[in-house]
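Note sheet for the following structure.
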Ligand SMILES: NC(=O)N[C@@H](CC(=O)O)C(=O)O
């Protein structure tokens with residue numbers, strides 16, 4: 001494999017330095033001179049983060065390759081700075097066997113743009129009844145550690161209890177889509193409140209999420225097992241998780257960029273691009289989610305990248321599919337709503353978008369500090385670069401992009417996965433410019 005020099009990157013909490021990558025590993029960090037046989041990424045003024053890790057994406061293959069494939073989803077992931085993504089099990093067929101998980105793994109490896117980690121279903125066919133082949137999936141080549149019926153809640157407490165007991169035996173985790181189906185059924189498509197009343201849309205009350213999370217943290221305590229809360233969307237859920245963590249219960253949680261930035265008011269025009277599950281919530285919830293991510297109550301940002309073909313999404317609001325794209329814009333949204341206002345620094349971004357999700361998902365080779373001997377998974381970010389989102393330019397096969405037309409400050413410039421450049425917005429051709437903090441580069445990170 002060819003060698004790569006990442007020149008002059010701003011490392012977290014350290015001086016700017018060059019990184020020499022050989023055979024997929026960071027060999028040297030410092031001031032490095034190389035010959036002309038080495039590919040160079042000019043990272044002057046760019047922040048180098050450990051490669052981003054996304055615990056929650058929908059890649060739609062097998063079954064809905066018209067909406068996304070593992071290849072197009074991997075390209076979108078690389079463009080978003082991701083070096084690992086966890087592919088949810090709600091494909092067709094469902095990832096509920098060892099063979100299905102291995103197939104997703106192999107398709108991801110064949111693309112080679114990012115690590116594609118299969119998530120196994122908790123129950124057969126996501127039907128909520130019988131447990132899927134959890135042990136076989138764990139012992140397969142795919143070594144599945146994260147299990148989820150995402151898109152559906154594991155609503156039967158007895159099934160959830162057994163699943164938690166089972167995955168404990170091999171250090172797995174259940175990622176729960178918390179939605180009590182009796183409190184928020186299939187027609188529920190809008191946060192239950194003033195807006196749903198005014199628009200005449202069926203409400204999806206926060207209590208449908210909070211009551212399941214409260215039950216699940218108690219089941220995690222009872223079983224001594226590990227539960228992860230997918231796409232937290234309300235202030236009440238934050239309170240439950242904060243309490244559970246204070247009791248020492250083994251619970252982790254993720255929040256999406258859209259729940260950190262968009263509110264239920266956007267539904268006023270009935271644009272189905274804003275229809276997502278769980279729904280967009282009011283400002284008070286958004287503020288609580290931002291604060292919870294900053295103080296560590298919520299561990300990670302996960303996109304819930306949910307591509308949909310036009311024929312599924314472009315309908316009257318109640319009939320449209322749930323979900324929105326997220327992979328290519330996540331870092332820019334986090335930069336805009338958390339870094340610019342001072343709620344997170346870049347070390348904090350590395351925590352919530354790389355090291356914490358890697359730890360939760362059991363990926364030892366991801367989320368590591370960029371030091372000698374670490375695998376070369378690197379995301380280069382320009383904190384000041386403006387990015388205007390154009391849905392037509394997406395690498396995703398789908399166009400349900402809620403950020404179309406928005407301009408963000410802060411963008412991924414290049415991604416290195418296993419020592420190979422998988423995305424480059426021009427880092428190889430950038431002109432040199434001075435570091436913004438010349439005396440102590442990295443001090444503001
Ligand atoms: N998050 C979404 O809005 N959609 C998800 C599944 C789901 O959680 O409904 C999808 O697969 O499209």
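One-based numbering along the chain as shown.
Each Cβ is built from the backbone N, Cα and C atoms, and glycine gets one as well.
Same-site candidate for Zn(2+) 2 binding, as annotated by TrEMBL with 177, 231, chosen from 150, 156, 265: 150. Binding of Zn(2+) 1 is attributed by TrEMBL to 56, 58, 150, and within the candidate set 304, 312, 319, 345 the record adds 304 to that site. Feature region 'Disordered', per TrEMBL, maps to range 425-445 of the set 404-424, 425-445. For ligand 1, the nearby binding-site residues are 322; that is, of 56, 231, 322, these have a C-beta under 6 Å from one of its atoms. Residues 58, 59, 60, 90, 277, 308, 322, 323 are the ones the record ties to substrate, and the longest Cα gap between any two of them is 17 Å.
Counting only residues at least six positions away in the same chain, the Cβ atoms of 56, 57, 58, 230, 231, 256, 258, 276, 323, 324, 326 sit under 8 Å from the Cβ of residue 304 (active site). The Cβ neighbour count for residue 56 (Zn(2+) 1 binding site), using a 10 Å radius and every protein chain shown, is 29. The Cβ neighbour count for residue 177 (Zn(2+) 2 binding site), using a 10 Å radius over every protein chain in view, is 25. Long-range Cβ neighbours of residue 59 (substrate binding site) (same chain, at least 6 residues apart, Cβ-Cβ under 8 Å): 68, 69, 70, 73, 74, 85, 87, 88, 91, 104, 116. Per-residue confidence over the domain 'Dihydroorotase catalytic' (47-234) averages out at a pLDDT of 98.
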